[in-house]
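Peer 1: The structure follows.
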Amino acid sequence: MSAPVTLFPSPFPKSCFQEAKAIQTKYNELYARISQDEEYLSGLVQEVASGDEFIAELWKIHLRVKEEGYVQNLALGLFRSDYMVHQDGDNLQIKQVEFNTIASSFGGLSAQTSLLHQHLARVEYPLLKDPVPRSSVNLPANNSAEGLAAGLAAAFRAYGKSALGNQTCVLFLTQDGERNIFDQRHLEYAVQSSSDPDHPIPVFRLPFSQILTHTTLAPSSPGRQLLYHPPHNPALTFEVAVAYLRAGYGPSDYPSPAAWEARHQLERSAAIKCPTILTQLAGMKKVQQVLATPEAVSSTPSALRRFVAAGDEAGYAALWRTFTNIYPLDTTAAGQAARRLATDAQACLRYVVKPQREGGGNNFYRAAIPKQLGATPEEHWGSYILMELITPPPVVNTILRNGKLEHGGVICELGVYGTCLWDQGTGALLHNEESGYLLRTKGDQSEEGGVAAGFGCMDSCRLV
Ligand code: ADP
Ligand code: MG
Ligand code: MG
């Protein structure tokens with residue numbers, strides 16, 4: 001069964017599209033910096049960890065590895081910054097829904113969706129009863145698969161030659177019963193063909209649950225290299241230059257202590273992690289909330305200022321413009337005020353409450369908020385954030401899902417990919433690119449938008 005897709009590219013304001021693309025390298029840099037600020041992340045982890053065992057466990061792994069010493073300073077981010085268009089009178093402005101730092105998906109299928117709509121625009125739309133003239137369809141190019149692959153290839157090259165004389169590889173860590181395999185395969189092929197055709201970069205897929213079965217670590221001296229032993233040929237050993245996690249972002253990937261040991265093995269290895277635990281934690285909704293909290297009401301001073309280079313006023317303003325109101329639900333004055341909004345039967349209708357989770361299906365919306373909070377011990381409310389709902393202008397489209405057409409009002413969410421390779425020790429940015437886009441569209445009656453989570457569908461932008 002194909003992933004659900006719109007029959008037509010949805011109209012999307014050109015200025016908003018360009019703004020989202022233009023700001024991506026700033027976002028990459030911002031999150032690379034946050035990932036390097038262990039002390040700052042530690043403070044935020046403490047704020048949510050008492051009500052969030054998963055975040056607490058991730059932090060413990062980081063601390064264990066820190067104690068023995070990390071052996072890899074390079075870190076790779078394959079990010080995706082998600083937005084909706086906010087309409088304020090005549091003014092249209094992108095507002096960030098969230099920033100993903102782990103397993104940002106659909107870069108493979110998104111490029112294909114753009115190609116599909118380009119094909120339909122050329123061949124099919126002119127034949128319709130109400131033909132869409134080709135000249136009116138402005139479809140931007142989308143290099144998301146190549147862009148993300150270029151990030152992985154940059155990390156692969158930066159890892160360098162194996163000190164042990166092994167052949168190096170990229171390892172995709174996937175989920176059991178993976179549903180996004182076709183998305184991942186496009187990326188895998190793009191990585192393989194991103195280098196000299198006679199020497200394709202070796203790429204392997206391994207379920208996260210089999211890390212301990214098929215990988216080992218070389219001793220600390222010579223350097224804890226992560227060795228991959230392909231199951232189909234026990235005579236082969238590859239050294240993992242880049243460990244790319246398309247799993248491990250939520251509690252269901254850690255059903256047993258062995259799964260946490262597997263994550264520990266990855267984290268303490270010399271492989272370049274995409275992402276490291278610190279980078280994964282930089283993607284907490286709590287981080288997004290403190291960045292978006294104005295100086296005057298913040299319990300932690302001026303978070304965005306802390307991470308934007310001094311003097312870069314334009315960069316600061318450009319990032320700030322993309323934020324919407326997000327509040328803590330802790331016991332600070334701002335948190336108490338947010339608690340009053342969240343528990344008020346009228347006020348709550350404008351908000352969404354988010355835990356520190358990824359992958360869709362974890363938030364609660366509008367009228368459901370007071371009840372859900374009521375069912376949560378109050379001392380754990382601080383592990384949630386309260387976010388104003390963005391309400392984009394109405395769009396009509398037709399979705400093809402499970403072989404059936406659904407026509408009606410839709411809501412579009414734009415994601416912009418970013419790839420970033422940096423040195424955790426020196427802060428040097430070795431690669432920093434905007435890497436294509438994703439448009440996901442859902443029926444306007446649905447709160448959630450994830451495609452794999454079963455709510456949204458693939459789309460592409462027709463710039464207007
Ligand atoms: P996840 O990390 O699980 O994807 P998100 O923050 O992206 O969590 O929320 C899931 C979905 O909920 C989004 O794709 C979007 O459709 C909807 N959503 C989240 N925040 C907002 C918001 N502030 N305004 C409108 N819709 C939102
Ligand atoms: Mg999301
Ligand atoms: Mg997310």
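Including glycine, each Cβ sits where the backbone N, Cα and C put it.
Just so you know, TrEMBL annotations never went through curation; they're auto-generated.
Grabbed the feature section from TrEMBL, which reads as follows:
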BINDING   Arg80, 102-105, 178-180, Gln184, 246-249, Arg440, 451-452  substrate binding site
BINDING   Glu98, Asn100, Glu358  Mg(2+) binding site
BINDING   Glu98, Lys285, 354-363, Tyr365, 387-390, Glu413, Lys442, Glu448  ATP binding site
DOMAIN    168-282  domain 'Glutathione synthase substrate-binding'
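Could you place these features in context, so I can see how deep they sit and what lies close by?
Peer 2: Arg80 (substrate binding site) falls within a strand when secondary structure is assigned with DSSP.
DSSP assigns Glu98 (Mg(2+) binding site) to a strand. In this view, Glu98 (Mg(2+) binding site) is surrounded by 19 other Cβ atoms within 10 Å of its Cβ, with every protein chain counted.
Around Glu358 (Mg(2+) binding site), the same-chain residues six or more apart in sequence whose CB sits under 8 Å from its CB are Asn100, Ile102, Ala103, Tyr249, Gly250, Gly283, listed in sequence order.
Predicted-model confidence for the domain 'Glutathione synthase substrate-binding' (168-282) is 96, expressed as mean pLDDT.
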Peer 1: Using the Cβ centroid of Glu98, Asn100, Glu358 as the reference point for the Mg(2+) site, which residues of the same chain not in that list have Cβ within 8 Å?
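Peer 2: Going along the sequence, the neighbours come out as Arg80, Asp82, Phe99, Thr101, Ile102, Ser104, Gly283, Lys285, Gly359.
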Peer 1: Under a criterion of Cβ-Cβ distance under 8 Å and sequence separation of at least 6, what residues of the same chain contact Lys442 (ATP binding site)?
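Peer 2: Residues satisfying the criterion: Val410, Ile411, Glu413, Glu448, Gly449, Phe455, Gly456, Cys457.
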Peer 1: Given Val451 (substrate binding site) and Tyr365 (ATP binding site), what distance in Å do their CA atoms have, once rounded to a whole number?
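Peer 2: Val451 (substrate binding site) to Tyr365 (ATP binding site), Cα-Cα distance: 18 Å.
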Peer 1: Here are some binding-site residues: Tyr249, Tyr365. Which one has the most Cβ atoms within 10 Å of its Cβ?
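Peer 2: Per the Cβ count, the most surrounded site is Tyr249.
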Peer 1: Among the binding-site residues Glu98, Gln184, Pro355, Leu389, which have a Cβ atom lying under 6 Å from any atom of ligand 1?
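Peer 2: Among Glu98, Gln184, Pro355, Leu389, near ligand 1: Glu98, Leu389.
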Peer 1: Please identify, among the binding-site residues Glu98, Ser105, Arg179, the one with the smallest Cα-Cα distance to Pro355 (ATP binding site).
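Peer 2: So, of the listed binding-site residues, the one sitting closest to Pro355 (ATP binding site) is Glu98.
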Peer 1: Compare the C-alpha of Gly361 (ATP binding site) with the C-alpha of each of the binding-site residues Arg80, Glu98, Gln184, Ala247, and give the closest one.
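Peer 2: Considering only the listed binding-site residues, the nearest one is Glu98.
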Peer 1: Could you say whether, by DSSP, Lys442 (ATP binding site) belongs to a helix, a strand or a coil region?
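Peer 2: SS state of Lys442 (ATP binding site) = strand.
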